[in-house]
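A.B. asks: One structure follows; several queries about it will come next.
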Amino acid sequence: MSADCSVGANPLAQLNKRVQQDRTLQHGSHVNIHQGAEAQAFKSGPQVSESNKFQMEQFMAGKASSGGNMFMGAGMSSGPLALGGSSGLRMSPGPAKELGARLGGAPMTGSWSQEFNQQVGSPVQSSSAVSSVSMSSASSSVARAGAYRPMNMMRPVMGLQGARAVGVERHAGPAINDAAWEQQFQELEKQVEKTLNISDPVEQQQVLEELSAEAREADYAGGDYEKRFQQIWNDIHDQTDDLDSRTELGGGSGDYQRVFSTRPAQTAQYAFETDNQYLHNTDAYKIGCILMENGAKLSEAALAFEAAVQQDPGHVDAWLRLGLVQTQNEKELSGINALEQCLKADPHNLMALMTVAISYINEGYDVSAFTMLGRWLETKYPAFVEEPLDRVDRYNLSRLIIEQYLRVANALPEVDPDVQLGLGILFYANEDFDKTIDCFRAALAVRPDDECMWNRLGASLANSNRSEEAIQAYHRAIQLKPTFVRARYNLAVSSMNIGCYREAAEHLLTALSMHEVEGVAMAPGSGNVPSSNILETLKRAFIAMDRRDLLERVVPNMDLQQFRGEFNF
């Protein structure tokens, strides 16, 4: 398997994903399921608690509480990110050992699969566990700027427990007399007026007008304001169209349409490299396989597979390998497009289903990821799937699929690393990183030389603020596959987490050098353009090094030779 975890920080893309969430009831696919603590705690439906009703009543009356805070998930931060709150969330014996014990007749007492079932039946407990997120400030601006996502995501985490506590406390406390409230407000108003000396309404208006004029001048002082705003707006609009095209998938077999969406639509088109030396080579697919086996650059292997699918658009294996290569090459969207084309031709391709599920998690399309994971299990172990996924509402989808994976894991005579992978992805999406780590380690016990699994383990460790352990996992992945661009990129981010900015820059420059293919120009809009994630992270590394002179050199298609005199890569 080769879908991998990665780190990216594209603010426009993140804003677009927030816009995408508002349309979940329309498409039911390619949306982020993490819309609040309730969703993460597997609540069975859009239920409203009494405290939330009370807060809504306060809001409608103009007395909304500000107790609820929303934080951007910052796995790159040096501060603790505690998603559990109790050690009970850990799988203490480990999945492999636990599975063996269960198969030998041992009860499930103390296992996290039993804990999961208990949490599903206890909304209050689950909500509390999720809402116990704590986050300290990062040690540098770089740490705050970059952030891990569930496998590639900066997901907003709703701290709703604080809001609930405030709401309950106010509801339970003695009612405040209206007259007393008005008196306190007037006293506070007088104190502010006295302190700021703005009691004169005419003077207040003059101050506001002056501030407004200064603000307008400041807005326009930086250059062509309208042009820059229009450019940003156009980028947001274009990315929204791109997500819509991916949401409205279809046009293939009935199974394919059922997995993606009930609406007839078209799969997003893959952007091919125009300068391709293998385009007229009839053995392009074989050449691509040889390049991968011999450790060639992933970008070069991608060119061979691109040529193969252009020669034969129905070549399932070529589309599959192209998707695998691009996800490893830190080109997620190109990988998703290729994998979707593979599934359009073969909806039951197990490797494509699992790989695209991880890529969907990376891009924030959790509902589609859960659907793909359910489809994978339904295809490989149909006897364990009791309820068709098309009859399950999206709020119960994650819980149901986790239960199905646990049922399979408990019943198998030996550990299936792919089942552990799927289970780990599900926990990863719900930010249960301790369980994710145990699942990935159980898979590595069976497949110790799986470089992609080592990379996924590293991403999970990094999200648990265990950067040193993550770095070891990434090094193991790179040792197994030196051309693994995504692992190098993740290694750079973890290096930045511990303050090793120079080393991070060298890892990023190495990754960029692997995107270069001899004799191939990197044309804008082609699939061979270096990852913007790598370029942006390199800029942050140079900023952390206080090297503004180097920052100015970081542009698309830059000549990497200018950095070789100072950096080893």
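Each residue, glycine too, has its Cβ placed from N, Cα and C.
Okay, so Swiss-Prot annotates it like this:
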- Cys5: ubiquitin cross-link (CROSSLNK)
- 6-28: region 'Amphipathic helix 1 (AH1)' (REGION)
- Lys17: ubiquitin cross-link (CROSSLNK)
- 53-71: region 'Amphipathic helix 2 (AH2)' (REGION)
- 112-116: motif 'WxxxF/Y motif 1' (MOTIF)
- 150-154: region 'Amphipathic helix 3 (AH3)' (REGION)
- 181-185: motif 'WxxxF/Y motif 2' (MOTIF)
- 229-245: region 'Amphipathic helix 4 (AH4)' (REGION)
- 281-315: repeat 'TPR 1' (REPEAT)
- 316-349: repeat 'TPR 2' (REPEAT)
- 417-450: repeat 'TPR 3' (REPEAT)
- 452-484: repeat 'TPR 4' (REPEAT)
- 486-518: repeat 'TPR 5' (REPEAT)
A.B. asks: Cβ pairs under 8 Å with the repeat 'TPR 1' (281-315): which stretch of 417-450, 452-484, 486-518 has the most?
C.D. replies: 486-518
A.B. asks: Kindly report the helix/strand/coil residue split of the repeat 'TPR 3' (417-450) according to DSSP, in that order.
C.D. replies: 27 helix, 0 strand, 7 coil
A.B. asks: Over the repeat 'TPR 1' (281-315), what does the predicted model average in pLDDT?
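C.D. replies: Mean model confidence (pLDDT) across the repeat 'TPR 1' (281-315) is 95.
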